[in-house]
Structure formats: C-alpha cells, structure tokens
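The next block holds one structure in the form of structure tokens; read it before the comments.
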C-alpha cells in the first residue's frame, strides 16, 4: 500500500510536468493543426537560460533570498522563451501556414535540431548542475510516503497554471479569439479577429508554460543539459495525443495519466507479467496504453472532434 | 626526417665509433589514443608513459639477435572514435610497427583489435576495461589493467565482506558498459552466495528514477549498485535520498568521477562507494619514482594511466627480450611468459590476454572527495 501511494505521488509529479508541456503541443495543434516538435527544446532553453540567470543573480546579488533568486531566474527564462516562441512562429512557421501539412512538420523538426545545436554550442555537451533553490530534502513522511518541498511546488504551480490557462481560454476576450481561430481562422479573421496576433499569442503562452516546466524539471532533478528536452517533449506529445490532441483538458488528463501509468507500470510490470517483463519495458508500457486507447477512441480520451487534420 | 639527418651529422662529428651507432636497428612501437578532443589529456598522458618506457630501454641499450636496437614511438590520434581507430590501426600496421600500446578507450580498442590481429601485431591496452575486448580471443590482444569483470568482483566482495550487506539491489542503464558491469556484480554476488533482492533497468537518457527506486525500496536493500555513468548515477543517488532510502550507494568507474560529486552535491555522503580499475599512484610499488621521472621528462604531472602504458610498453620489450627478436611472429608467443615487476605491480597475462593481477581500487566519498580505501 505504501509503495502504491508512493508510486502515485511519483507519477503525479512527473505527470504534472508532462501535462504542462502537453498544453503547449495541444494549443498549437488546436489552432494550426501543426505538431510543434520544437516545443520540448523550448523547455530545454528555458531551463538553461534560468540556470544562467540564476548564476548571474547569485554572482551580483548573493544576498537575495533563495526564492527571489529562483523567481528572478524563472522570470528571465519565461521572457526569453516567450520571445523565442514568437520568433520561431514568425520566422519558421508563418510563411508555411498555407503550405502542405508536411512542410511545417519537417520545419518543426528542423527547428528542434537547430535549438539543440545552438544550446550545445553555447552550453557545451556536459551536464550542468542546476541550483536547487527549493529544498529537495524530503518532509516528514505521511503514511510512509516521501515528498519533497520542490515536488509540492511542482504540483501547486502546475495546477495553478492549468486553471489559469483554462480561465484565459474560456473567460477572456483573447481566449474567445483563440477559440474562434481554432475553429476556422479564415472566418475568424472575417469577423475582425487578427489571427496572426492570436497565433503568435498562442506560441508565446505555450513557450512560457514550457519555460516554467523546464525550470521545474531542472529544479527537481538538479541537472540541465542541451538534450534534456527530447524525452519530456516526446512524452508530453504522447500525453497530448492520449488526452485528445487539440483539447486542453485532454492534455492535462493525458499528462497526469501518462505519469501515473509510467510510474505504476515500472513498479508493477514485473509482478503483473509474472517476471516475464521488467522495468526495461517502462517506456513501452506507456505506449501500449496509448495504442489501446487510440484503438477504442481514435481521437483520444477527451477528443470530440473527428480528426479532420493531421 | 630532418631530425635524423641532424643526428647523423652530430654522430659523425662527435663520436668516433659512430659506425656502430649507425647500424642500430630502429624498432617502431605504435601508440594510439585520443590526442585531440575532450579526453585528449588522458591520451597524451598514456603516450608519454609509453615514451618513457622506450626512453628507458634505449638508455639501457638493448641488443636483439646480436644487433643493437633503438625504439621509436609512432603516436597516432584515434579521437576515441571507433571509425578513426580502425583507420589509425591500419596506418600503424602499414608503417610496420612491431607492437602497439593502445588504444585508450574500449570503444576504440575493440574495432582496432581486429586489424592488429590480422596484421599479427601485438597490441596492449593500458586502459580499456571492457570484458568484450579480450572475449574476442585474439592472440594479439593484451591488457595491463583490470577489466570490468574484475571490477565487479571487487565490488561484490567489498559489499558482502566489508559492508556486510546481505540485501543488495542492482540497477543498470542497458548500455554495453553499464549492463556489463552490473552483470559482473550480480554474477560475483551469486558466487558469494548472495542473490540480489532487486534488479531494475533504466536508460542512459533518463532523469527520473523514482518509480524503480520506490519498487526497490519495498525490497529493503542494504545497498544499491548502479551500473552506468555519473550523469544518471548522481540523480539516482539524489532520488534515493528524496525517497528516504538509506541504503548504501555503490557505483563503478563511470560514477567514480569529480562530475559525480558535482552533480550529486549534498546527496554525497560516506555511504557512497565506487570502484576504479587500477590503483592510485601512491599505492604503486614504483609510483613515487615514476611520477618524479615523468615530471622531469615531460614537465607535466601524471594524469591517470601513464604508469599502465609504461608497463604495457615494458611488457612488449620484455617479450622481445625473451624471444631475442623484435619480429611480432617470434615474440608474440613469449607475451604469455612475460613476468616482471612493473611500475603498477607484477605484470603477467592469462590465456585470454588479461592481466593476472589487475588491481581494482575502492573509493569512499569523504569530506568532499573520493578517498581510496586501503
């Protein structure tokens, strides 16, 4: 029981990072029908920029407390990533908006390589130690479950951002314009919506979320690396598909579910398969679940629209 | 070329008995290792070690088959890259080297070994530790350092006998290195009558190990062995602490690094141990003297494996002495009979070409650094 509870907590922590990144994929897909493969690398840039900013803050303002330093690093990283998201959209995707669907997809993969290579040139191939400004010492265990302050922070921050995003999309003017653009951007523009602006805003918001996810990821694990965005990016994309790509609630649900499936799968796969499979099949397990869900619900768990895109 | 012309001129002017010196037979010994790139310092260090051994032999003045010989080192850069390693090996073979000290890394040594085998040139590696290298059973492949099997055995013995651990769990990253090392530990544990309480797997790209560690926690291990590199080894250690796992942490040479200490930060404690093939300089029988001579000759201190490459080169020369010939075909069989006291200890080889006494050192983390245990 203790183990199951601990695995659930492990899964929720990993899953909430997936969910936050998955939102970025799903927002862009919802509006443009484009799978932005560079999104995971925005996460990586977010973490590395925050690392650099925190180093500078620690150098020039060593008396600033731990949390203000982290918030400062996070702030810089969010702003840089917003600018990066806008630049990517403006330079790489906008010209291809009416091109055949394959062109922007390949471009997205290209942007991903570009970002990784740039990061490799700037920050080198080595693993960097990310300063863990929120404590990673576990709190007094409750019911045998260990959780650290940074993990609690991850859960709280992700939940807050997800609620904020839902409110933004469903309750504000900008959100209404985004939904209109997603439905049909030609008609939306006829109705007076500046779709270029809306699409740029989508990229900017998604990139900001990725930056936050990157900082949380690195704060939890204490490392940052030029290739760190690849795995979370892939997992978050899977989560978005699992939940129903294009659907915000689906991305959140898919992310949390994928985290849980992975963690519980790794913990129990050996017993469930009577010792035939082991934890080296951890990743396969997640994709088997994805396959099964897609067989019965081709549009994902919460996807309603018939896939007229992709 | 220029240099030999100059030396000839010099010999003619100064030495009266220069006819004998001119008749010296030059024996070329190859060296291959990374001389550029991120681990160039390790390669250069080994090159110097081999050079020093040849200098020493030349100073003594060695005669083989009635002719005075002069050893020359031909150093090539394999960039620690498997493909470059084969090119370099071919170049050395074509240049007619009589023996090779190298390569430095297992990734380079394994593909290159095939070329030396075909050319019939003995190659002794000072620092490649992969069991796969000598498992090929090539007649020309030798090594003077402990392999990963010996490393795993040393760790298993230490964990059960010194740490008195009874419940040991093993994790590896499914790479050739990590898996090989973890399997060696498991095999040795079983021979010592200890069955691991858990065996989990991850990848060399993972960052989250909470799920497998939580599972291992249920098995209540006294110690957890991680077979892999520091980039994953350090987060594994950190996440053990985060999950309240108090088991001791054991690692192989991939985690026995300064990088491990840097990434794991406050999670490091005297409960963290690792093994490293080879023994530290101050524990080597000829270590102190070697270090001083090395510094005097090259102006830099010994980095890592230079004493091993000195012994590798010496082993080649010893075999040549036994055969009274520098011809690979003649002295190769004698490598099996070589037995001498090198800088690092007694050097002799078993049937597969591994060092009989390959030392393994256990390190414990203590006050900010790795400390060799006696």
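For all residues, glycine too, the Cβ spot is worked out from N, Cα and C.
Feature annotation from TrEMBL assigns transmembrane segment to A:12-35 (among others).
Taking Cβ pairs closer than 8 Å, the transmembrane segment (A:67-88) reaches residues 38, 42, 45-47, 49-51, 53-54, 57-58, 61, 111, 133-134, 200, 203-204, 206-208, 210-212, 214-215, 219 in its own chain, all 6 or more past its ends. Residues or ranges marked as transmembrane segment in TrEMBL: A:67-88 (among others).
Taken from TrEMBL, the feature transmembrane segment covers A:100-123 (among others).
Here TrEMBL flags A:143-169 (among others) as transmembrane segment.
Under the heading transmembrane segment, TrEMBL lists A:198-217 (among others).
Away from its own ends, the transmembrane segment (A:250-269) comes close to residues 3-4, 7-8, 10-23, 25-26, 162, 235-236, 238-244, 277-279, 281-283, 285-286, 289, 300-303 of its chain (Cβ-Cβ under 8 Å, at least six residues beyond either end). Under the heading transmembrane segment, TrEMBL lists A:250-269 (among others).
Per TrEMBL, transmembrane segment is recorded for A:284-303 (among others). Panel annotation: around the transmembrane segment (A:284-303), residues 235, 238, 241-247, 249-250, 253-254, 257-258, 261-262, 265-266, 269 of the same chain, lying at least six beyond its termini, place a Cβ under 8 Å from a Cβ of the stretch.
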Task: Recorded stretch that, among A:12-35, A:100-123, A:198-217, has the most CB pairs under 8 Å to the transmembrane segment (A:143-169) - done: A:12-35
